[in-house]
Amino acid sequence: MNSVPFDLTGKRVYVAGHRGMVGSALVRRLAREGVTIVTVDRNDIDLRNQAAVFDWFAKVKPQVVFLAAAKVGGILANDTLRADFIYDNIAIATNVIHAAHRNGAEKLMFLGSSCIYPQLAPQPLREDMVLTGPLEPTNEPYAVAKIAGIKMAEAYRSQYGNDFISVMPTNLYGPGDNYHPEHSHVVAALIRRFHEAKAAGVKSVSVWGTGTPRREFLYVDDMADACVYLMRVYSGAGLINIGAGKDITIAEFARLVADVVHYRGEIIFEPSKPDGTPRKLLDVGRLEELGWRARTSLADGLKQAYQAYLTRR
Ligand SMILES: NC(=O)C1=CN([C@@H]2O[C@H](COP(=O)(O)OP(=O)(O)OC[C@H]3O[C@@H](n4cnc5c(N)ncnc54)[C@H](OP(=O)(O)O)[C@@H]3O)[C@@H](O)[C@H]2O)C=CC1
Ligand SMILES: C[C@H]1O[C@H](OP(=O)(O)OP(=O)(O)OC[C@H]2O[C@@H](n3cnc4c(=O)[nH]c(N)nc43)[C@H](O)[C@@H]2O)[C@@H](O)[C@@H](O)C1=O
């Protein structure tokens, strides 16, 4: 596996999706790197608009690109807004990756997701398991769009020699998360639901599904640190999983969140809501071989995430 030092110092670094949870964590993390961070608001450039993206790239010519922009959501959003998830995410990936190539970007990192792996693949999930089996139905459109982005990065490396890499993050949480009652991921959803139940003195709180699926959670500032680290040290066609290396059942996780929020009521499960894939623990062997490990424990991360929720603007 190639480990080629890439010096970020003094470079013009474009963070696509800079207002999002990962994008804002990347901006925080890159502030320590002596780079010129370049961003553009969605109201100015909709990354689904190819002409606008090509014009902007030709003017700004970012040297490095973190492609964190995407249509993102939890299991219910993915399962209901299926056309939006595939259209937006294929459009964003194709426009930004091609624009980076056309304008000579020295390096680009595409952010995929752990949902690209087959629904029932052996665990933990290794990077070579992509496309070895059927995908999880609830987020298949999103996963197909992410796989397209991965394949584009590989194809541009093969045909044009572009140094475009792809990383596969596990479930992420932390400051700047999306707290939408239906469309959020489980961490933000339960922080908000338990907090509101505590404030209202509600006797019980419902958690979707059976509580039996297992999930791995990585604090978003660890994710940003891993991305900057890999941008500096990794250059290759293969994917790199970014994870915490351990998982937990949703039932145990809900208990953890209730404890952090100090909610004392009952937790009841709603089996009519989708469980999604039973497990998606990432194999982080490649990441550790490259010298990076997650530092924030789930207990500490949840405390910080709850504080961020309480102080969010
Ligand atoms: N959250 C998670 O658990 C995981 C996330 N990922 C990946 O990490 C990346 C970031 O995710 P996350 O930070 O959670 O997502 P967010 O939804 O928090 O951020 C996504 C960002 O993309 C921007 N964006 C979306 N559509 C467009 C568009 N058409 N034009 C311009 N900008 C757009 C949004 O802008 P605006 O805010 O203005 O709408 C937002 O800033 C994504 O690629 C996602 O697939 C991977 C695995 C897990
Ligand atoms: C990152 C990943 O995120 C998505 O996949 P997911 O991991 O299934 O995402 P999730 O966080 O929404 O659910 C995790 C588990 O949690 C349970 N669960 C309980 N109660 C709530 C709840 O209130 N909200 C949500 N969302 N889930 C709940 C839920 O039933 C499921 O078993 C992909 O669409 C895709 O976007 C992707 O790549």
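Placed from the backbone N, Cα and C atoms, the Cβ positions cover glycine too.
Around Y142 (active site, proton donor/acceptor), the same-chain residues six or more apart in sequence whose CB sits under 8 Å from its CB are K71, N78, F85, I86, N89, S113, C115, listed in sequence order. Annotation note: Y142 (active site, proton donor/acceptor) sits in a helical segment as assigned by DSSP. Among the features that TrEMBL reports, active site, proton donor/acceptor is placed at Y142.
Annotated NADP(+) binding site per TrEMBL: 17-23, 111-114, K146, 169-172, H185, in sequence order. For G17 (NADP(+) binding site), the Cβ neighbour count at a 10 Å cut-off comes to 22, with all displayed protein chains included.
D275 (substrate binding site) falls outside any helix or strand according to DSSP and counts as coil. Per TrEMBL, the feature substrate binding site maps to R193, W208, R215, D275.
Residues annotated as domain 'NAD-dependent epimerase/dehydratase' in TrEMBL: 13-243.
Note on S113 (NADP(+) binding site): other Cβ atoms within 10 Å of its Cβ, all shown chains, come to 24. DSSP assigns S113 (NADP(+) binding site) to coil in the three-state reduction, placing it in neither a helix nor a strand. Here TrEMBL flags S113 (among others) as site 'Important for catalytic activity'.
Of all the Cβ atoms in the protein chains shown, 23 others lie within 10 Å of the Cβ of C115 (site 'Important for catalytic activity'). Marked as site 'Important for catalytic activity' by TrEMBL: C115 (among others).
When the Cα of L172 (NADP(+) binding site) is compared against those of the binding-site residues R193, W208, R215, D275, the shortest separation belongs to R215. Among the recorded positions C115, Y142, R193, W208, R215, no residue is identified whose Cβ is positioned under 6 Å from ligand 1. The binding-site residues recorded for this entry are R193, W208, R215, D275, and the Cα of R215 lies nearest to that of P169 (NADP(+) binding site). For the substrate site listed in the record, the two most distant Cα atoms among R193, W208, R215, D275 lie 19 Å apart.
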